[in-house]
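Novice: Starting off with a structure, shown below.
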Amino acid sequence: MLLPLLLSSLLGGSQAMDGRFWIRVQESVMVPEGLCISVPCSFSYPRQDWTGSTPAYGYWFKAVTETTKGAPVATNHQSREVEMSTRGRFQLTGDPAKGNCSLVIRDAQMQDESQYFFRVERGSYVRYNFMNDGFFLKVTALTQKPDVYIPETLEPGQPVTVICVFNWAFEECPPPSFSWTGAALSSQGTKPTTSHFSVLSFTPRPQDHNTDLTCHVDFSRKGVSAQRTVRLRVAYAPRDLVISISRDNTPALEPQPQGNVPYLEAQKGQFLRLLCAADSQPPATLSWVLQNRVLSSSHPWGPRPLGLELPGVKAGDSGRYTCRAENRLGSQQRALDLSVQYPPENLRVMVSQANRTVLENLGNGTSLPVLEGQSLCLVCVTHSSPPARLSWTQRGQVLSPSQPSDPGVLELPRVQVEHEGEFTCHARHPLGSQHVSLSLSVHYSPKLLGPSCSWEAEGLHCSCSSQASPAPSLRWWLGEELLEGNSSQDSFEVTPSSAGPWANSSLSLHGGLSSGLRLRCEAWNVHGAQSGSILQLPDKKGLISTAFSNGAFLGIGITALLFLCLALIIMKILPKRRTQTETPRPRFSRHSTILDYINVVPTAGPLAQKRNQKATPNSPRTPLPPGAPSPESKKNQKKQYQLPSFPEPKSSTQAPESQESQEELHYATLNFPGVRPRPEARMPKGTQADYAEVKFQ
């Protein structure tokens, strides 16, 4: 308190601490450098030694300034000079006569920062310094910027109004100067305006997007100014849409284009992240679409870019992925073809038999039965990407595809026995291979070989064989009686055997046999049946039956008589044949009896008859099983079966055999009751045969 009192006395304050003097002013005033500020102030003093016409003078001084000799920073006393540094900038705008001491400070400078006090003079008594009630002026750096009000998005071709305001205005302060600069205004130009705000109108163009617009505010002649720059956002449809891919959390890369659409290959189970971004104003709505199915989408204010994660890609994830970007001004889209590669899966064979339209699905190791002669179509099917190379093999050999364009299809128009075996479909792929096999089993109806019979000491022994798939069953019929097992009276004995597709059966008949013996062997399976019969027919006078029933002597006699007749016939024919040609002809030995040429036509089911048109007993499908009769014994007989008789002695008139020829074969036809001539087609080409008919009356 002592220092202000001392200063008051030194500076001529005669009314120090007089309670009749008071002043109201803010203690601290802050102003940015270069700006203008008004400091409101009011004061009061006693009405003593002055009248209404007495002039009142007010002064603002910097602290520690001698009021009688020092220069004030501002005063209303015209004859009193002010400080040079504040001249024209500091102004006492208040009327001291009315108790107003307001001060305006323009273009504040850093050196203006100080403590200021007010002094009043009126008449001889009022001479007072308000030393304790001044204010402190603080000058700061100019950091404040003007505010620009502009729509967030500008429509191209539509006029827009922009306002620039600097929020620092006082009534006594002069307004700043506003100006505008920017690429959008280059063709229109702007002029500086003096006001507390500025209004700008212009028409944005599409190319004005992302350009700058700046509002400048100037406060003094020394170039102190403030400015605010805004970035123009002119609306436009989505553009520059970009798709990128991240594999297994690696940095995203753009896919390589293949044609007009980028192409991406990924292995099954791999992690993929598809990213989509587009440039648009306002921000576009992004979406990922797979075959018209929306997988992911984002709002305009959502994160950018839009990601689509495929943690472990599957075969079903393959397809065309489309990213769409859309706003009110338009849309844009871009596609990506994703191919998920994987090795063959679910390899199987589809089967169609006999031209059926229904396909049967078979797995690995399946056995497939097919009837001989039917058509068969095998289709190998698998799932893989890229498609696997398919091929068919049998017994290690690659089969030619039925359709070169589709090697997985194997067609067998007519299944034959040689097709039987394992067929394998191979599916080869860079990522792995698979194969599937099926076993083809060819089924066919029985093929009968036999029956054939021979006389033995115990009686008549007959054998019969048949080949079929599945293996056939054999049974014997004696007349209308089925012979099964063994007879309790030991009159017959049946012995079956089998080996693979062959079935064999032996029949032994004991005891006397009737003259009307009819013995039949029947073979059957699920696909058909075939039978062959052996007949022993009686002659009208009972010669043959008597020979069999009355014993060996009578049989020998009849046989000798027969051979005697044949010998006479041969002797009669041979001279004629020798005169016809000198070239020796091969001769065939015969070991037949009178019963050798009794024609017996075997009966068979429809399937067996059909098979008999394709194959003969002379070419069996597989090697004959043990005990089966040789087909050579049936040569030139065409399903004629006989009961063998005793051996025939050679005629003494026959020429001896040469090394390269055999005995000449002659035929004797026995007709019961009439003659059946043999067809000429049965004779070998170039061979002449003579026939003699022997009739039993």
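Cβ coordinates come from backbone N, Cα and C, glycine included.
Look at Swiss-Prot and you will find 18-121 tagged as domain 'Ig-like V-type'. According to Swiss-Prot, the N-linked glycosylation site annotation covers Asn100, Asn355, Asn364, Asn486, Asn504, on the basis of sequence analysis. Summarising the annotation, Swiss-Prot assigns domain 'Ig-like C2-type 1' to 146-231. According to Swiss-Prot, the compositional bias 'Polar residues' annotation covers 650-659.
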Novice: Say you check the Cα of Asn100 (N-linked glycosylation site) against those of the glycosylation sites Asn355, Asn364, Asn504; which is nearest?
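Specialist: So, spelling it out, the nearest of the glycosylation sites is Asn364.
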Novice: Within the domain 'Ig-like V-type' (18-121), how many residues are helix, strand or coil going by DSSP?
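Specialist: When I sort the residues of the domain 'Ig-like V-type' (18-121) into the three classes, I find 9 helix, 38 strand, 57 coil.
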Novice: What's the CA-CA gap between Asn355 (N-linked glycosylation site) and Asn504 (N-linked glycosylation site) in angstrom, rounded?
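Specialist: Answer for this pair: 36 Å between alpha carbons.
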Novice: Which whole number is the mean pLDDT over the domain 'Ig-like C2-type 1' (146-231)?
Specialist: 86
Novice: For Asn364 (N-linked glycosylation site), just count the other CB atoms lying within 10 A of its CB, please.
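Specialist: The answer is 14 other Cβ atoms.
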Novice: Please report the DSSP secondary structure of Asn504 (N-linked glycosylation site), reduced to three states.
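Specialist: Asn504 (N-linked glycosylation site) sits in a strand per DSSP.
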Novice: Could you check the glycosylation sites Asn100, Asn355, Asn504 and say which one's CB has the fewest neighbouring CB atoms inside 10 Å?
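Specialist: Least crowded of the glycosylation sites Asn100, Asn355, Asn504, by Cβ count within 10 Å, is Asn355.
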Novice: List the Cα distance (Å, whole number) between Asn364 (N-linked glycosylation site) and Asn504 (N-linked glycosylation site).
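Specialist: Asn364 (N-linked glycosylation site) and Asn504 (N-linked glycosylation site) have their Cα atoms 35 Å apart.
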Novice: Could you find out if DSSP has Asn355 (N-linked glycosylation site) as helix, strand or coil?
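Specialist: Asn355 (N-linked glycosylation site) sits in coil per DSSP, no helix or strand.
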Novice: Residue counts in helix (H, G, I), strand (E, B) and coil for the domain 'Ig-like C2-type 1' (146-231), per DSSP?
Specialist: 6 helix, 38 strand, 42 coil
